[in-house]
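Student: TrEMBL lists 100-119, 153-175, 234-251, 263-284, 322-344, 356-374, 394-412, 417-434, 454-480 with the feature transmembrane segment. Positions annotated as domain 'STAS' by TrEMBL: 504-626.
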Amino acid sequence: MGTITWEQSRANVNLSSRTTFWKSLKYQLKEAFFPDDPFRHMSDHPPLRRTWSFLSYFFPILEWAPKYKPTLFASDLLAGITIASLAIPQGISYAKLANVPPIIGLYSSFVPPLVYAVFGSSNNLAVGTVAAASLLLASSIRGKVSPEVEPELYLHTVFTAAFFTGLLQLIFGIFRLGILVDFLSRSTITGFMGGTATIIILQQFKGLLGLQHFTNKTDIVTVVHAVLANRREWKWQSAVLSLGFLVILLLARRLKEKVPRLFWVNAISPLLVVVMGGIIAFAVDGKDHGIPIVGDLKKGLNPISISQLQLKSPYISVALKAGLISGFIALAEGIAVGRSLALLKNEQTDGNKEMIAFGIMNIAGSFTSCYLTTGPFSKSAVNYHAGCKTPMSNIVMAVCIMLVLLCLTPLFKYTPLVALAAIIVVAMLGLIELHEMKHLFKVDKFDFCVCMAAFLGVVFVDMEVGLLLSVGLSIIRALLHVARPATCKLGKVTGTELYRDLEHYPDSTTIPSVLILQLGSPIYFANANYLRERITRWVEAEGNISKEKGQDLQYIVFDMGGVAAIDNTGIGMLFEVHRMLRKKEIQVALTNPRLRVVEKLVAANFIDVLGKEWVFLSISDAVSGFRFALHQADNHDEVLQV
């Protein structure tokens, strides 16, 4: 009677479900490359609407433009004009970092924003050049082509690097390889950006002090030595002017922090500094009085540069390397910025669509005399705070830059280099996230080490070494998580039917003669040996404890709920563990195995070897089964004794 009662109360595990190979492959590919399932809403649409939805996915402007209302334009107009006022000084400043003519920075704020408005999915992102990628391009290319000796060839190589950047980003987007960008963790980006900002700030001493000679290297030791070694070239006029500009910019930044609604003061302060500096330099003839200026800027729109791309050896290799590395960094920054700002508005940003948009705009930019562009945080934050509603703000910015290129570029001839240096310094201060580094140290020491590896590698060696160090550590950590998965012993939480980690819940009780282990990772070739050794140690330790209590370890439960997948090596490990435990007269049971795992265990005949009666839906069922088996064994012994 007891046998019938327990078997009727037991919930059975479904061991008969099967999934065909093609269905399984389709599911895995879908989860790998289309986890967001972007076309899930189209299945019930009529053909015409389905076609329109499909086109709208790749051309987001088709989605928001038909719904655009005049009431939205007022917000986008204000935001566009505001970010245009920031794009002018930043474009000129970052172009100097990349060692390209200042006008190229303005070109890069005209064509790419127009392209992004068609293909981009973020309502908040403002397109433009960024300091880190600009310096990375310069440091990668100038080792092969000198911007001083061969300025035209250097510029053409920069355009070629932008082309390869766009190609990389477009391929990533089309084949939905955004997973690769995830290897640039938050700690890696924090350390890399902080280190890059530090060396950029130090390099600005050339402009702040009016130096004529400086180093081409980026490490802190060489830069500091160059500043001190050339102290005879220090110009007090530049130093005084730079101090004044820094005070203005820092006060504007402080005002924004204290009174957020006055964000626009901080946004226009760089342009104000450029205008003030130009007036001062013109009034005192700064070029001849210790205040170097930008010089002539060519009037007119972007010239076509497709014929200038360097697609022949030996320059194609350096352009490819520079484009891939800087493009990877720019891609990670742009997607992170877009997602962060979207969360503030409870919106969604499709990372793969963003990669396609970045790729197309950089390819188009390389054809129209632009260098690498992405979504910089400073400009995008200003766009967000200015109240942007749609990508129309990028179109407004592009129109403003177009008017500047057609009519106003000669006015920026007298912009002092010291003003650009001050703008860069203040912009870079915001990239050194000391609070984030303290947070990492407090929460996760390994993440802090990754961050510091990037920071110190960039500061003391170069940008590529810092990036490789931190990415390498991140990959090693990911491999360690895979190769050394967490396995814990479970106990029953008092007063419940729940079984939890004994280390986490030390008051939990263990079941006599029963060892319950939770396997919380896919089981495959990388961790199979480790798991076998770890299970063996658990069994030995538990056996010693049981002997001290005068009991024998008779049963072991493997909680398989966290095992998402298993390969042939993992199945072989389970066979070995089962044979080892059977020799010690220990019965193995599995609980809550997932469908993909069950299918393989059935196909490999492991379930037949184990016995279907030893596969349970829950740990409670398994423990009840053990108790029932013990009870049956005791009754059998009593019968034999009689």
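Backbone N, Cα and C atoms are what each Cβ position is placed from, and that goes for glycine too.
TrEMBL does not curate its annotations; it predicts them automatically.
Could you tell me the structural context for the features on the list?
Tutor: Note on the transmembrane segment (100-119): residues 58-61, 84, 87-88, 90-94, 125-129, 147, 154-155, 158, 294, 297-298, 301-302, 353, 356-358, 360-362, 364-365, 368-373, 391-392, 394-395, 397-398, 401-402, 404-405, 409, 412, 415 of its chain, located 6 or more positions outside it, place their CB under 8 angstroms from a CB of the stretch.
With a threshold of 8 Å between CB atoms, the same-chain residues lying at least 6 positions outside the transmembrane segment (153-175) that come near it are 33, 98-101, 104, 137, 140-142, 144-147, 181, 305, 308-311, 315-316, 318-320, 322-324, 326-328, 330-331, 352-367, 369-372.
For the transmembrane segment (234-251), the residues of the chain that approach it from at least six positions outside its boundaries are 207-211, 269-270, 272-273, 276-277, 280, 286, 289-292, 416, 418-419, 421-423, 425-426, judged by C-beta separation under 8 angstroms.
Long-range contacts of the transmembrane segment (263-284) within its own chain (CB-CB distance under 8 A, at least 6 residues past either end) are made by residues 82-83, 85-86, 88-90, 92, 241, 245, 248-249, 252-253, 255-256, 291, 293, 382, 385-386, 411-416, 418-420, 422-423, 427.
Below 8 angstroms of C-beta separation, residues 121-125, 130, 132-133, 136-137, 140-141, 157, 160-169, 172, 178, 181, 184, 189, 192-193, 351, 354-355, 358, 362, 372-377, 380-381, 384, 464, 467 of the same chain, each at least six residues beyond the ends of the transmembrane segment (322-344), sit close to that stretch.
For the transmembrane segment (356-374), the residues of the chain that approach it from at least six positions outside its boundaries are 58, 95, 98, 100, 104, 107-113, 115-116, 119-121, 127-130, 133-134, 137, 158-163, 165-174, 302-306, 309, 323, 326-327, 330-331, 333-334, judged by C-beta separation under 8 angstroms.
Sequence-distant neighbours of the transmembrane segment (394-412) (same chain, 6+ residues past either end, Cβ-Cβ under 8 Å): 76-77, 79-81, 83-84, 87-88, 91-92, 102-103, 106-107, 109-111, 113-114, 116-117, 120, 125-127, 274, 278, 294, 296-302.
Outside the transmembrane segment (454-480) by six or more residues, the chain places 132, 135-136, 139-140, 183-185, 187-188, 190-192, 194-196, 198-199, 217-221, 325, 329, 437, 446, 526 with a CB less than 8 A from a CB of the stretch.
For the domain 'STAS' (504-626), the mean pLDDT of the prediction comes to 90.
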